[in-house]
Amino acid sequence: MTTKRDFLQLADLTRQELDQLFARSAVLKADRRARKTHQTLAGRTLAIVLEKNSTRTRLSFEAAIHQLGGHAITLATADSQLSRGEPIDDTARVTSSYADGIVFRTFGDDRLQTLARASSVPVINGLSAGGHPVQLLADLFTVIERLGTLEGRKVAWVGDGASNMAFSWIEAARIFGFELRIGAPKEYAPPASVLSTVGAGARVHVVSDPREAVQGADVVSTDVWTSMGQEAESAERLRVLGGYQLDAALLAKAAPSAIVLHCLPAHRGEEITGEVIDSPQSAIFQEAENRLHTSKALLELLLA
Ligand code: CP
Ligand code: NVA
């Protein structure tokens, strides 16, 4: 019997597997354009369990498994016994007796770990407080598509440096060795516990001036200032992060060939302007489409 593989963070795959996943994503993307179909996951069932809202994660995983010959079942907390207090480990044991894999979107990473431990099938982190690794697969693949390689790139992250997306970019910088400059106020800088994971030699720098972070960058990325579950802090976040908007003037500091990423949903006019989202430098909707192709490659790797 083979042991199940989870994908709770990027480092759950080897560097070689990640490179293979990007290569496979490119094939699956080209095949979809050519209307070539696949049955690599025929008969497989994917359970998608959501404790927070989702558009892209839900739709891309549902479409991905369907397009590979399998089937998805999505369970939102409000409709399930989770909202009435059923323990997450009981839920995991039952769900893994029906499905061949589970995508789980939740709050704390303790819930994710508990579900993964109690599940007998692969568990995929569909976003938690600690990271959003499936989004990074799409983001990194988009950088490769647009710029050719990750090696030697300068990536700038502006705004909330303590968000799940920022944490996953830090993890990606460690694995792929690119330079990451985070421009964040001290109130929302990455905590020492996260920065200490990058190790000596990793090129991750935190600065408080967003212009310093963006200067000469090849990739500029940001995320909402108020993540799901932080709504009560919204006014304070808006106040502290107000100077970190990714607008045309800030983007002008980057390399002329720089691309812009945002995982979406965006609050246009808050962390990023509509002008930047819709600009020729924006790869944001390509990035969103790539969620489909990279999720397919991930499902094949874990479930086939
Ligand atoms: N980027 C992302 O995960 O989007 P959703 O919240 O819509 O799934
Ligand atoms: N940081 C955001 C990402 C949404 C995809 C959140 O957690 O709400």
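Glycine too: its Cβ is placed from the backbone N, Cα and C atoms.
Listed in TrEMBL:
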type	residues	note
DOMAIN	5-145	domain 'Aspartate/ornithine carbamoyltransferase carbamoyl-P binding'
BINDING	Ser54, Thr55, Arg56, Thr57, Gln81, Arg105, His132, Pro133, Val134, Gln135, Cys263, Leu264, Arg291	carbamoyl phosphate binding site
DOMAIN	151-301	domain 'Aspartate/ornithine carbamoyltransferase Asp/Orn-binding'
BINDING	Asn164, Asp223, Ser227, Met228	L-ornithine binding site
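Between the CA atoms of Val134 (carbamoyl phosphate binding site) and Asn164 (L-ornithine binding site) there is a gap of 11 Å, rounded to the nearest whole number.
For the binding-site residues Asn164, Ser227, the greatest number of Cβ atoms within 10 Å around a candidate Cβ is found at Asn164. Mapped onto three states, the DSSP output places Asp223 (L-ornithine binding site) in coil.
Over all protein chains present, the Cβ of Gln81 (carbamoyl phosphate binding site) has 13 other Cβ atoms lying within 10 Å.
Broken down with DSSP, the domain 'Aspartate/ornithine carbamoyltransferase carbamoyl-P binding' (5-145) shows 75 helix, 23 strand, 43 coil.
The binding-site residues near ligand 2, defined by a Cβ under 6 Å from one of its atoms, are Asn164, Met228, chosen from Arg56, Asn164, Met228. Largest Cα-Cα distance over the residues recorded as binding carbamoyl phosphate, namely Ser54, Thr55, Arg56, Thr57, Gln81, Arg105, His132, Pro133, Val134, Gln135, Cys263, Leu264, Arg291, equals 30 Å.
Applying an 8 A CB threshold to same-chain residues 6+ apart, the list for Asp223 (L-ornithine binding site) reads Gly159, Asp160, Ser163, Met165, Ala166, His262, Cys263, Glu271. The binding-site residues considered are Arg56, His132; of these, Arg56 has the fewest other C-beta atoms within 10 angstroms of its C-beta.
The 10 Å shell around the Cβ of Arg291 (carbamoyl phosphate binding site) contains 25 further Cβ atoms across the protein chains shown.
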